[in-house]
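Copied over from Swiss-Prot, here are the features:
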type     : residues                       : note
REGION   : 1-95                           : region 'Disordered'
COMPBIAS : 56-68                          : compositional bias 'Polar residues'
COMPBIAS : 77-90                          : compositional bias 'Low complexity'
DOMAIN   : 102-197                        : domain 'TAFH'
REGION   : 204-242                        : region 'Disordered'
COMPBIAS : 228-237                        : compositional bias 'Basic and acidic residues'
REGION   : 387-417                        : region 'Disordered'
COMPBIAS : 399-409                        : compositional bias 'Low complexity'
COILED   : 429-481                        : coiled coil
BINDING  : CYS497, CYS500, CYS517, CYS521 : Zn(2+) 1 binding site
ZN_FING  : 497-533                        : zinc finger
BINDING  : CYS508, CYS511, HIS529, CYS533 : Zn(2+) 2 binding site
REGION   : 561-586                        : region 'Disordered'
COMPBIAS : 566-586                        : compositional bias 'Low complexity'
Amino acid sequence: MVGIPGPYQFTGDKRVPAMPGSPMEVKIHSRSSPPIMAPLPPVNPGGLRPVGFPPSSHSNGINHSPPTLNGAPSPPQRSSNGPSSSSSSSLANQQLPATCGVRQLSKLKRFLTTLQQFGNDISPEIGEKVRTLVLALVNSTVTIEEFHCKLQEATNFPLRPFVIPFLKANLPLLQRELLHCARAGKQTPSQYLAQHEHILLNTSTSSPADSSELLMEMNGNGKRHSPDRREEERETAPAEPPVKRVCTISPAPRHSPALSLPLVNSTSHFHPTPPPLQHYSLEDIPSSQLYRDHLNKIGEHRDVRDRHHSSGVNGNLNNGYQEELVDHRLTEREWAEEWKHLDHALNCIMEMVEKTRRSMAVLRRCQEVDRDELNYWKRRFNESNEIRKGSEHPSRQHSPSSTDSGASDSVRDFGSRTGAGYVTDEIWRKAEEAVNEVKRQAMSEVQKAVSEAEQKAFEMIASERARMEQTIVDAKRRAAEDAVLVVNEQEESTESCWNCGRKASETCSGCNIARYCGSFCQHKDWEKHHRICGQSMHTQAKPLTPSRSLIPKASDPVLLSPTLERSSSATSRSSTPASVTAVDGL
């Protein structure tokens, strides 16, 4: 067959080919030369007809990379990052089978529906932003890269690496279908999409995929998810690839010997070992197509198994290739993470159980305390009732018959209470009444004690105030008496100084009575002495002669004239007391 090597020609069975780069059922084909090669042509239902595309069809800078195993998408490698609508022009001329287009469109619609539902789960505003981004992506107003960046900014969740190649491979199909429907309705694609938005984002026909298969486990700032979302995402392994894993597409020198062993598919049929890929190199495969993500491989293996059962081939190999089965065993790191989460959950449960046990113990103790307190107040109430009854009927205390009757009444009352007809509400009511009565008595006693204490305090304050006033009056009286006594002592003492008590050497010139040791003590004592100075003079005095001394003696009575009194008072107001001059009676 032309264009396909002999060992890898198709058999006569009808097989629907996959479009290049789609994540549906794809087989690995070896190429005879490493240069650019067009994708496989569609199969003619009437028979196989070799069709080859000339190399000029790839002059737009698009090189189709080889398809990967496990149904993973293989996006084209672009030399320029243009919008996604540029791929629709190259695919518009290719006629694809109806089943291929329907399957790819269904996957793409389910993917877009999942994105919108994920945004709605976060918040209605984010859901509206995601819906706007999806419509803009389908209308080719934004590129796939811009859609990826804006979606990550809106939801704070990055998409998985296989999403961008998947969109680049399958978005042109959806855009071509939208263009065809818009032309049939004589509308523009944007108008048709605005009117038939429910067809694109319809969730009733097929269940959308899990958002954890499309989004990373950690958000942009590295925070953990909420617990409810974490439970949904924990059913799969972390996003980090295992350390030791056979690459899905590897060059010939790195072909693992483990692939030479026959593998068993889900229908227990053995398949021959596929030959190594001799014409591929790591430079031909973009980094986003390696798909080392464990979650992606599990989802791809599930799709491969479903397609294998639906195809009904049951081990019939058309091209001698088989799809590699994915190892579902967890790595040591994944097991450690799972055990750590399990241990944390068990610790949380144990803490909750311990807290519940402590709370129950506290409640039990509180109930016991309340029961004891209730019994105590019941006893107090019964005692108060007995005392009240005893005070109301004092005559019964003197007669034994009345005492016996009272005891029998109390016993009868207690028996009626403990009988089957005793109501619990009545017990609580009486207990509350007893408690209230005791509280009222206690409050009255407290108020009485407070009033008595206040009265005593007022009496003590009044008595202390009276005692203090009496003490002040007594102190003033004693001070006055002491002053008079000092003055009297000074008057009686003629040889001692009236100020300091030492031996006196001078006499006051005003009264000729006060004695001082010097002028300093006379000045110091003048404030007290000037009130009585001159008042103790004798009423009769002998007339003074000119030859007589200016200072009269204390034994000679002198009768001072008014002029002498004025001069003595003027002399007493001066700084230094002076001698009194004799004035004639003339």
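Each Cβ is built from the backbone N, Cα and C atoms, and glycine gets one as well.
Sequence features annotated in Swiss-Prot and their locations in the structure.
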residue	record	contacts (Cβ under 8 Å, 6+ apart)
CYS497	Zn(2+) 1 binding site	LYS503, ALA504, ARG515, TYR516, CYS517, GLY518, CYS521
CYS500	Zn(2+) 1 binding site	CYS517, CYS521
HIS529	Zn(2+) 2 binding site	TRP498, CYS508, ALA514, GLN522
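Sorting each residue of the domain 'TAFH' (102-197) by its DSSP state yields 78 helix, 1 strand, 17 coil. For the zinc finger (497-533), residue counts in helix, strand and coil come to 11 helix, 5 strand, 21 coil, using DSSP. Counting Cβ atoms from all protein chains shown, CYS533 (Zn(2+) 2 binding site) has 21 others lying within 10 Å of its own Cβ.
The binding-site residues considered are CYS508, CYS511, CYS521; of these, CYS511 has the fewest other C-beta atoms within 10 angstroms of its C-beta. Residue density at CYS517 (Zn(2+) 1 binding site): 18 other Cβ atoms are found within 10 A of its Cβ, drawing on all protein chains shown.
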